[in-house]
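Here the structure is laid out as structure tokens; the discussion comes afterwards.
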Amino acid sequence: MKRKTKIVCTIGPASESVDKLVQLMEAGMNVARLNFSHGDHEEHGRRIANIREAAKRTGRTVAILLDTKGPEIRTHNMENGAIELKEGSKLVISMSEVLGTPEKISVTYPSLIDDVSVGAKILLDDGLISLEVNAVDKQAGEIVTTVLNGGVLKNKKGVNVPGVKVNLPGITEKDRADILFGIRQGIDFIAASFVRRASDVLEIRELLEAHDALHIQIIAKIENEEGVANIDEILEAADGLMVARGDLGVEIPAEEVPLIQKLLIKKCNMLGKPVITATQMLDSMQRNPRPTRAEASDVANAIFDGTDAVMLSGETAAGQYPVEAVKTMHQIALRTEQALEHRDILSQRTKESQTTITDAIGQSVAHTALNLDVAAIVTPTVSGKTPQMVAKYRPKAPIIAVTSNEAVSRRLALVWGVYTKEAPHVNTTDEMLDVAVDAAVRSGLVKHGDLVVITAGVPVGETGSTNLMKVHVISDLLAKGQGIGRKSAFGKAVVAKTAEEARQKMVDGGILVTVSTDADMMPAIEKAAAIITEEGGLTSHAAVVGLSLGIPVIVGVENATTLFKDGQEITVDGGFGAVYRGHASVL
């Protein structure tokens, strides 16, 4: 079985070498995340080159995600690198930069004084230190606070203001420079930090459009109350979400985070947009070779919630066991997926879905694939939308996306249950189906004889036109004739031109291939699993006997006795009147 949940790994000092990246890819990494809160362009450029080299060596499709620093508020530097703030003491926050002391610090956002009011809470260093606003002195440019929770405050720590709408820009100048660097480097995703409203996403989209890079997808990171409140408009503008539980858990009470996680995942699922669950998933594996039981449950529950991808941060960027962390996540995901109730999920999502043609096809494909227990769903695609829409219904069968576009292939690295295979561009429907089936076989996920569902859009090459579904047997069609009965049979051919030859050669379960049958052949026919004759006619002896015995018969197959060889393994499909090479899964 192949894992369907995707794994995002943050690349850092512990994982940036080509050899280590190869190990991560072989362990199961699908997307490499680069955190632009740390490091410069030169450092990230080297990492991107190493990721590409490792992907080339392994022959795997691995996407690159650029995670922006975002418009966050931080403290400036402290005296001697750190100060101690004591509970109950007064602390002044200056809007002008000063070197921090236990009496006064400054922040990177001068407009904070306009956004907060008396009684507001200000959190420092991921909420470890909390302050309450006592007074706001706009003339002096200072906020006077009382320390509610003390602790040691170091340089450049994060500042959060729960429940307060801050007027930070959508993207900063640093973000803009980082995104332009990413465009030049050919990245696949931008994870936009601290998204609060749809306009934050559109600001990035405009930048991409101005540089002819609209193919790069935007994943909105939901990290604050405002982002949660505006989730519907954000999802309309973004290509997917990241549930960034770290910063979210600072601004929102810890007990609310699991509920918000479920809400955000469900909203993405309903729209068929990918969602990543992130932060502290296997946090203890930064130091230990095994996860805690709570962490294993956390990963499993995110998958039960419906996440497309699970993410590793410090575990792979700076931890002692980066490869082990990926292997562990792979095993947890694989085992959890075996417990998914695909029929229940499909039924629920069908009720909640929209009434579009693509949605209707997506539902039909998932239902058909489940009812027929097909080996795979094959989706030739130009834009990646078809496999994404099918994945929305969480089919049991793997989804093989066949595309001529390498960038589309990488974008699908984030979508649940989708495996990609590149194939040449085609112009006709017949060519598209042939190329898709060939690519599916090359992927190793299906083999000759397997039953698959193919879904695509016609005319070929048009984006967003998913309107076709075909149930297909991947097999070599050897012969066609008039089928009798709806059954199918698999066995070894027994070629006999006379009754005597048939009686001598026939074995139980063999498939009798002859010119025509008569009463003298009955001892051989009674052992047969199926009959193929050159003689045609629905009232021929073979047709009548086959119906009587309840075995499939195909009549009117030209040159059958020379076409088939003794002992050749074949499948007879009475309903379709076809004979396939080998063991084919026919209905």
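Any Cβ shown, glycine's included, is placed from N, Cα and C.
Around ARG33 (substrate binding site), the C-beta neighbours below 8 angstroms that are at least 6 residues distant in the chain are VAL8, CYS9, THR10, ILE11, LEU65, ASP67, ALA191, MET311. Positions annotated as substrate binding site by Swiss-Prot, on the basis of similarity to another entry: ARG33, LYS221, GLY246, ASP247, THR279.
The feature K(+) binding site is assigned by Swiss-Prot to ASN35, SER37, ASP67, THR68.
Feature annotation from Swiss-Prot assigns ATP binding site to ASN35, PHE36, SER37, HIS38, ARG74, LYS157; the stated evidence is similarity to another entry. Around ASN35 (K(+) binding site), the C-beta neighbours below 8 angstroms that are at least 6 residues distant in the chain are THR10, GLY12, ASP67, SER313, ALA317.
Feature annotation from Swiss-Prot assigns site 'Transition state stabilizer' to LYS221. Sequence-distant contacts of LYS221 (substrate binding site), defined as residues of its own chain at least six apart whose C-beta falls under 8 angstroms from its C-beta, comprise ASP67, GLY70, ALA191, ALA192, SER193, PHE194, VAL195, GLY227, LEU241, MET242, ALA244.
Swiss-Prot lists GLU223, ASP247 with the feature Mg(2+) binding site. Sequence-distant contacts (6 or more apart, same chain, Cβ under 8 Å) of GLU223 (Mg(2+) binding site) comprise SER193, PHE194, VAL195, ALA244, GLY246, ASP247, LEU248, GLU251.
The binding residues for ATP are recorded as ASN35, PHE36, SER37, HIS38, ARG74, LYS157; their greatest pairwise CA distance is 17 Å. Per Cα geometry, SER37 is the residue among the binding-site residues SER37, THR68, THR279 nearest to LYS157 (ATP binding site). Nearest in space to ARG74 (ATP binding site), taking C-alpha to C-alpha distance over the binding-site residues SER37, THR68, THR279, is SER37.
Here the binding-site residues are ARG74, LYS157, and the one whose Cβ sees the fewest other Cβ atoms within 10 Å is ARG74. Ranking the binding-site residues ASP67, ASP247 by how many Cβ atoms sit within 10 Å of each one's Cβ puts ASP67 at the top. With a cut-off of 8 Å between CB atoms and residues at least 6 apart in sequence, the same chain places GLY12 near HIS38 (ATP binding site), listed in sequence order.
In this structure, the CA atom of PHE36 (ATP binding site) is 5 Å away from the CA atom of THR68 (K(+) binding site).
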